[in-house]
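Taken straight from TrEMBL:
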type: TRANSMEM; residues: 24-44; note: transmembrane segment
type: TRANSMEM; residues: 64-87; note: transmembrane segment
type: TRANSMEM; residues: 99-121; note: transmembrane segment
type: TRANSMEM; residues: 127-147; note: transmembrane segment
type: TRANSMEM; residues: 167-185; note: transmembrane segment
type: TRANSMEM; residues: 205-223; note: transmembrane segment
type: TRANSMEM; residues: 228-245; note: transmembrane segment
type: TRANSMEM; residues: 251-272; note: transmembrane segment
type: REGION; residues: 299-320; note: region 'Disordered'
type: COMPBIAS; residues: 310-320; note: compositional bias 'Basic and acidic residues'
Amino acid sequence: MDALPIDTSHPAVRDYLSLIRLQVLTPLSLLINIATVIVCAVVVTPSISEISKQFPTSISPKPIIIATYVAAIYAGQLGYCVLIVLARKAETKRTITKGVGFSLVIANWVMALWAIAWVFQWFLVSTVLQGILLLTLLYSNIVLLIYHQPSSARPFDTILIHAPLRFFLVLQFGLMFPLSLFINLGLTYTPTTPGPPRDYADHPWPGFGVVLGTNLLGLVVVILRRDIVWCVSATWICISIWVLRPKPGPVYIVAILFTVLHPLALVGAYIYSRFYKRRGVILPPGDEALYGRTESGRVVVGSQSGPDSGPREVDENTWG
């Protein structure tokens, strides 16, 4: 077989081939993810939401709110798939191939497998898959944050690359992985149909610790980075938790508290950045004579470059 007429070892060629693979594999993985989740949520009995009702926990969310959240993630990924095809800027292509790469493809496949494990009530497998999904999304978000930071010069990169991946990460970090872990560890209540669980006040502190810990970390991210996406997603998850009642008192109070704190922290961070920025020290015009200047006009402390530099005598005009 004749060799290809191109040098596949060249970095530019490898990046181009990687982009072509992502243009095929990313929409395919998203399609499989959406189809599997829809089948497991609508067609299969018991469905994803019915399993959640059969195994209620202290952090169980309102299914319809989380379904809307997942739909928003899918909408963002659809935009990302369009961006992969239409991207023309070298920075955008580099963010797609080097920043996201195949991590989103892996995440979509893992989420599809999780839906199957969930409806079959393989909770240990479900927890392992959620852990893999969390680590995959955490890795891709860290790479994007360090090497491919969002820029106002490329707003579509922020909207269609950074935002969907951040939304996806916060869902796994703040809710799905802890929820699967709770069910696997037996931290569930006895369901009643209809009506609330009979023992919903039992073991409230694991749920309290998860809600408090994940939201405290999210609050730090919101304040330091003024992260709108994390603020919206974390608030969304908190609402989904306290809306489904009854809840243990500590979990209910903390979820409502952070529903208010996340937006307030974001607004406060923007106000602080806007009105309390550090400003350099500017010398008054009259003090420039106390310092020498170079030929380029730079001020040099203690320089004797000019005849007027150095101490000045105090005469009668100065006092008078």
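Backbone N, Cα and C atoms are what each Cβ position is placed from, and that goes for glycine too.
The stretches the transmembrane segment (167-185) and the transmembrane segment (24-44) are not in mutual contact, being linked by fewer than three Cβ pairs under 8 Å (pairs 6 or more apart in sequence). Between the transmembrane segment (64-87) and the transmembrane segment (127-147), the number of CB pairs under 8 angstroms, six or more residues apart, is fewer than three, so the stretches are not in contact. Ranked by the number of CB pairs under 8 Å to the transmembrane segment (99-121), the listed stretches 24-44, 127-147, 228-245, 251-272 are led by 24-44.
The transmembrane segment (205-223) makes no contact with the transmembrane segment (24-44): fewer than 3 of their CB pairs lie within 8 A, with pairs spaced 6 or more apart in sequence.
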